[in-house]
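**Q** Here's the feature list from TrEMBL:
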- A:Cys74, A:Cys77, A:Cys80, A:Cys130: [4Fe-4S] cluster 1 binding site (BINDING)
- A:Cys84, A:Cys120, A:Cys123, A:Cys126: [4Fe-4S] cluster 2 binding site (BINDING)
- A:65-94: domain '4Fe-4S ferredoxin-type' (DOMAIN)
- A:111-140: domain '4Fe-4S ferredoxin-type' (DOMAIN)
Amino acid sequence: MQSLSNRKKVIEQKPMNIWERMYLPAIAKGLSITLKHFFKKIPTIKYPEEIRPYSKNFRGQHSLKRDEQGRERCTACGLCALSCPAEAITMTAAERQKGEENLYREEKYAAVYEINMLRCIFCGLCEEACPKEAIYLDGPHVTAEYLRRDFIYGKDKLVEPKFDITKLNRENA
Amino acid sequence: MTIFYFVAFLSIFFALMTIFTKNPVHSVLYLVITFFTFTVHYILLNAQFLAVVNFIVYMGAIMVLFLFVLMLLNLNKEIEPMRSNVVKIMGAVAGMCMLATFLGAFKVLESNNEFVTGNTDVGLVKNLGKVLFDEFLLPFELSSILLLTAMVGAILLAKKETKEA
Amino acid sequence: METAFILEKLILVVIVFTITLVIAMYSTLAERKIAGFMQDRHGPDRAGIFGLLQPLCDGGKFFFKEEIIPSGAHKPLFILGPVIAIITACISSAVIPWGQELTINGKQISLQVASGINIGVLYMFGVIALGVYGIMLGGWASNNKFSLMGAIRAASQSISYEIGMGLSLIALLMVTGTLQLEDIVAQQSGFVNWNIWVQPLGFLIFITCAFAECNRVPFDLPECETELVGGYHTEYSSMKLGLYMFSEYINMFVSSALMAALYFGGYNFPFMYELGLSQNWITIIGVIVFFLKIFGFIFFFMWIRWTLPRFRYDQLMNLGWKILIPLAIANIVLTGVITLVKDTYF
């Protein structure tokens, strides 16, 4: 067939000469290649001891944030559940009682807040949808479990621990 | 001498086991052990070279080939050929002839011969080589030609005949 | 005298045996480490520093795994197979001269288990020839077609390559004029007297055949995973499999020792007598040098393993019968001619 591109190359297979048929030079060449790799730097990262640096916008496990006074920011508006393309988030809303002002910032709060980590695709749309800046995907990797039900994370795992913001600033400084 | 009797007993025992076992693979294995006892005999006679050659050639190569063929054949009792009485009679006659030959040989043999008493060094490699390539050069070379002929014959038999049209 | 002699040999046997087993054990680690490095990986490094405890973990695992004997297997032979394999592997090191004589309290101690044997090299050869029984019996007794094929491959391969090995050895023996391994090694004192300089072709044939005899890549057809599942040890599990693997590594160690002794001067090292050391020191350094040479060969075995692909079966037979054997015979003739010319004219 005629070559249209002019880049066609006809590969010729010549019968091997005696030097090539001995295979010894070829074996020596192969050995030199493997030996070169023997002394090469190993690119493997030993994971638990060394951790590869994460990207700045890495999206890991969700955490429900608190405000400066340690109150939960979530107001159970349901926008995150609505925006979730994987239908991973469910919640039950409750009204704040008297004397609970130090626990919840808004008058309405999420009594139950569950994320199914098996459904979640870590797209970050909940983060974008939240009007109260209450949910962020800033945690580590979601760990492996033995049972499916252990992948449904409740508030015990999601809400971030209480902290004193003044102390936090001092530590950072 | 006690070692000799012990090893001799073992070789006869395993030789008999070779004949009497039903399973051909077991038979070959007993034959291997028999050959091993022969090797021990050679060492007792100070025939080191013969011992090690028996070890390498018979145990290491020929018996492996035997085993090889037997494993491939997969012999069963059903396909075992029926032995006719003629074969049995012929076997008995041949056995008697061999026994007679042995008896004659034992009669001729002198028990004070240096090969029998085992105090000779002729079995060592150096002496054996000198004897083979000096005194017995012609028979040695002739036997090698015989082996070569056998080899050529085997190859000829194994080769496919190409029919000329 | 008699008891002292037996005791001395017994101690030597125990030492040699221990060293052989430890080296075989750590060869498994070295194999995986070298494989790792050649493939830009780390290799096992979790058990101990640099994975130094890995062989112990493997051994423990082998011991505690369930033993499975297939119901169709021939039980006595199935057990006998790995036993023969490991025994033949272990006894083959008896004639290797590990070093010169040590003088302790005015008593000469030879560092060779079976010294003064007239047929050292042939003994070695016989034991290697016997090793194939372990594989054959194991393969046949498993009652599995893959095992049987592996066993048959092993048998035919080892018989074919024994011939080439023997012929290449004959050329060497024509040069040395003795079958005693300690004499062969003693002849190669210094550096220029090493047999590799006189018999390069013979060495090449010998090392190729040694690879085939040890069932190492590129001649590991008997256990060829891609075609025969696991070859002759398909049905084996637990320590029986461990024994087969162990015997492979011991064989590798012993054949490395044999090559070092036959062609690379054994315990001899350059300038060994010029440095003015005492005899004991020469012996000790000689033993160390010998082991370094052995380790070099073991490394070469592994290096080849992670470089070359496996042969096809007909290629293996072609190489053995049509290339190595004629080459070995040519080598014998060449050696004979050179020896004759040298003896007549010089």
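Every residue gets a Cβ built from N, Cα and C, even glycine.
What TrEMBL says about a protein is an automatic prediction, not a curated fact.
Set these features in their place in the structure for me.
**A** DSSP classifies A:Cys77 ([4Fe-4S] cluster 1 binding site) as coil under the three-state reduction.
A coil conformation is recorded for A:Cys123 ([4Fe-4S] cluster 2 binding site) in the three-state DSSP classification, outside any helix or strand. Long-range Cβ proximity for A:Cys123 ([4Fe-4S] cluster 2 binding site), meaning a same-chain Cβ under 8 A and a gap of 6 or more residues, is found for A:Arg59, A:Pro85, A:Ala86.
The domain '4Fe-4S ferredoxin-type' (A:65-94) scores a mean pLDDT of 88 in the predicted structure.
Sequence-remote contacts of a segment are chain residues at least 6 beyond its ends whose Cβ falls under 8 Å from one of its Cβ atoms, and for the domain '4Fe-4S ferredoxin-type' (A:111-140) they are 59-65, 72-77, 79-94, 105, 148, 151-155, 158-159.
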**Q** Using the alpha carbons only, what distance in Å do you get between A:Cys84 ([4Fe-4S] cluster 2 binding site) and A:Cys130 ([4Fe-4S] cluster 1 binding site) once rounded?
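**A** With the alpha carbons as reference points, the distance is 11 Å.
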**Q** Of the binding-site residues A:Cys74, A:Cys77, A:Cys80, which sits closest to A:Cys126 ([4Fe-4S] cluster 2 binding site) by Cα distance?
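**A** Considering only the listed binding-site residues, the nearest one is A:Cys80.
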**Q** Of these binding-site residues, A:Cys77, A:Cys80, A:Cys120, which scores lowest on Cβ atoms within 10 Å?
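**A** If we count Cβ atoms within 10 Å for the binding-site residues A:Cys77, A:Cys80, A:Cys120, the smallest count is at A:Cys77.
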**Q** Rounded to a whole angstrom, what is the C-alpha distance between A:Cys77 ([4Fe-4S] cluster 1 binding site) and A:Cys120 ([4Fe-4S] cluster 2 binding site)?
**A** 19
**Q** Cα-Cα, whole number of Å: A:Cys120 ([4Fe-4S] cluster 2 binding site) versus A:Cys80 ([4Fe-4S] cluster 1 binding site)?
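**A** That separation, Cα to Cα, works out to 12 Å.
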**Q** Here are some binding-site residues: A:Cys74, A:Cys84, A:Cys126, A:Cys130. Which one has the most Cβ atoms within 10 Å of its Cβ?
**A** A:Cys74
